[in-house]
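Asks: If you scroll down you'll find the structure; I have some questions about it.
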Amino acid sequence: MKKYTQISDISNLSETIKEAILLKMNPYEHQHLGKNKTLVMLFFNSSLRTRLSTEKAAKNLGMDVMSLNVNDAWNLEFEDGTVMDASTSEHVKEAAKVISQYADIIAVRAFPSLKDREKDATEMVIKSFEKYATVPIVNMESATAHPLQALADAITISELSEKSRPKVVMSWAPHPRALPQAVPNSFVEMMQKMDVDLTITHPEGYELNPEITKDTPINYNQDEALKDADFVYAKNWSSYTDYGNVISRDRTWMITKEKLGHAKFMHCLPVRRNVIVEDAVLDSDQSIVMQEANNRTYAAQIVMKGILENL
Ligand SMILES: CCC[C@H](NC(C)=O)C(=O)O
Ligand SMILES: NC(=O)OP(=O)(O)O
């Protein structure tokens, strides 16, 4: 593996999932790969799970880890040819090359502006690091994708599915703030590669990028969509068509025990209790959000193992 910025960087998904599950049994088996190697993690936005699980994964592989909240360093310039006499102090051309001298792998988290859809779609931050860094790049959530989360979700469904082709429903849920489409985008892309029966349900106006959803069924009636679900993946996202806006706060879309039926409940976390999902669901044994969060370590570890083996 040369990098992990998108799900398609995984050449054989089923093998990768199997290897990740095996890793869990012996997480320190490959420490020779990371000896004297350094992971640098760059955060332009907040994180709990991604920061800690990716560091744990790197250390499981024998790596050293350095983490930087980029906004505490210098305000970076990403546009070419800019006369930098305003608010930016350093160009990503220098920053990426300098960091590459300290790192063997660079991992980046940079959320979208949610202001300019076309500009966000260019994935300027992560693409700039891919272009100017001289070491492999890992995506810790970018403007339109969260491939590490999606891999952890795929591992979790593979481990806990009681059927050969489970029914998976990704349901929008309300949130007071405008959130990115990265997590739902990557979950849909990942489920399309798995042997699952995927349905997406959300209010009208929350259609995701059709280049991603393709022919995946979309049902505007949540109750209908949730019928006989085996896994319910709840997530809020802001409108893609009315870009970056919260066009519904309809609390009837909150996931309840009644709506869940016999299904397992999934969410990438952080989750707003009693907004996205009621306490009774999260506090029940139908919730597998802890297994998902644990699998973030092994998703990052199998990815970085593949990169280290190709250095
Ligand atoms: C893993 C989720 C990160 C982010 N969540 C928030 C609350 O910003 C999102 O919805 O993309
Ligand atoms: N799921 C996830 O990526 O969590 P953080 O935003 O806390 O890293």
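Positions of Cβ are set from backbone N, Cα and C atoms, glycine also.
Just lifted these from TrEMBL, have a look:
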DOMAIN    6-159  domain 'Aspartate/ornithine carbamoyltransferase carbamoyl-P binding'
BINDING   Ser47, Leu48, Arg49, Thr50, Trp74, Arg109, His146, Pro147, Leu148, Gln149, Cys268, Leu269, Arg296  carbamoyl phosphate binding site
BINDING   Glu141, His175, Lys235, Arg272  N(2)-succinyl-L-ornithine binding site
DOMAIN    183-304  domain 'Aspartate/ornithine carbamoyltransferase Asp/Orn-binding'
Asks: Would you count the other CB atoms within 10 A of the CB of Cys268 (carbamoyl phosphate binding site), including those on all shown protein chains?
Replies: 25
Asks: Work out the three-state DSSP category of Ser47 (carbamoyl phosphate binding site).
Replies: coil
Asks: Of the binding-site residues Glu141, His175, Lys235, Arg272, which sits closest to Ser47 (carbamoyl phosphate binding site) by Cα distance?
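Replies: For Ser47 (carbamoyl phosphate binding site), the closest Cα among Glu141, His175, Lys235, Arg272 is found at Glu141.
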Asks: Rank aside, I only need the closest one: which of the binding-site residues Glu141, His175, Arg272 has its C-alpha nearest to that of Arg296 (carbamoyl phosphate binding site)?
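Replies: Checking each of Glu141, His175, Arg272 against Arg296 (carbamoyl phosphate binding site), the shortest Cα distance is to Glu141.
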Asks: When you measure from the Cβ of Arg272 (N(2)-succinyl-L-ornithine binding site), how many other Cβ atoms are you left with inside 10 Å?
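Replies: There are 15 such Cβ atoms around Arg272 (N(2)-succinyl-L-ornithine binding site).
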Asks: Please name which of the binding-site residues listed here, His175, Lys235, Arg272, is nearest in space to His146 (carbamoyl phosphate binding site), Cα against Cα.
Replies: Lys235
Asks: Running a distance check here. Ligand 1 versus the binding-site residues Ser47, Cys268, Arg296: which have CB less than 6 Å from one of its atoms?
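Replies: Listed by sequence, the hits are Cys268.
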Asks: Per DSSP, what is the residue tally for the domain 'Aspartate/ornithine carbamoyltransferase Asp/Orn-binding' (183-304) in helix, strand and coil?
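Replies: DSSP classes over the domain 'Aspartate/ornithine carbamoyltransferase Asp/Orn-binding' (183-304) add up to 46 helix, 19 strand, 57 coil.
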Asks: Given His175, Lys235, Arg296 as the binding-site residues, which ones have a Cβ positioned under 6 Å from some atom of ligand 2?
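Replies: So the answer is none.
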Asks: Of the binding-site residues Arg49, Trp74, Leu148, Cys268, which one has its Cα closest to the Cα of His175 (N(2)-succinyl-L-ornithine binding site)?
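Replies: Of the binding-site residues Arg49, Trp74, Leu148, Cys268, Cys268 has its Cα closest to that of His175 (N(2)-succinyl-L-ornithine binding site).
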Asks: Which residues of the same chain, at least 6 positions away in sequence, have a Cβ lying under 8 Å from the Cβ of Lys235 (N(2)-succinyl-L-ornithine binding site)?
Replies: Met170, Ser171, Trp172, Ala173, Val183, Pro184, Phe187, His267, Cys268, Ile276
Asks: Name the secondary structure element type, per DSSP in three states, that contains His175 (N(2)-succinyl-L-ornithine binding site).
Replies: coil
Asks: To the nearest whole angstrom, state the Cα distance for the pair Glu141 (N(2)-succinyl-L-ornithine binding site) and Leu148 (carbamoyl phosphate binding site).
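Replies: So the alpha carbons of Glu141 (N(2)-succinyl-L-ornithine binding site) and Leu148 (carbamoyl phosphate binding site) sit roughly 8 Å from each other.
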Asks: In whole Å, how far is Arg272 (N(2)-succinyl-L-ornithine binding site) from Arg49 (carbamoyl phosphate binding site) when you measure between their Cα atoms?
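Replies: Computed Cα spacing between Arg49 (carbamoyl phosphate binding site) and Arg272 (N(2)-succinyl-L-ornithine binding site) is 15 Å.
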Asks: Counting every protein chain present, what is the number of Cβ atoms, excluding its own, within 10 Å of the Cβ of His175 (N(2)-succinyl-L-ornithine binding site)?
Replies: 17
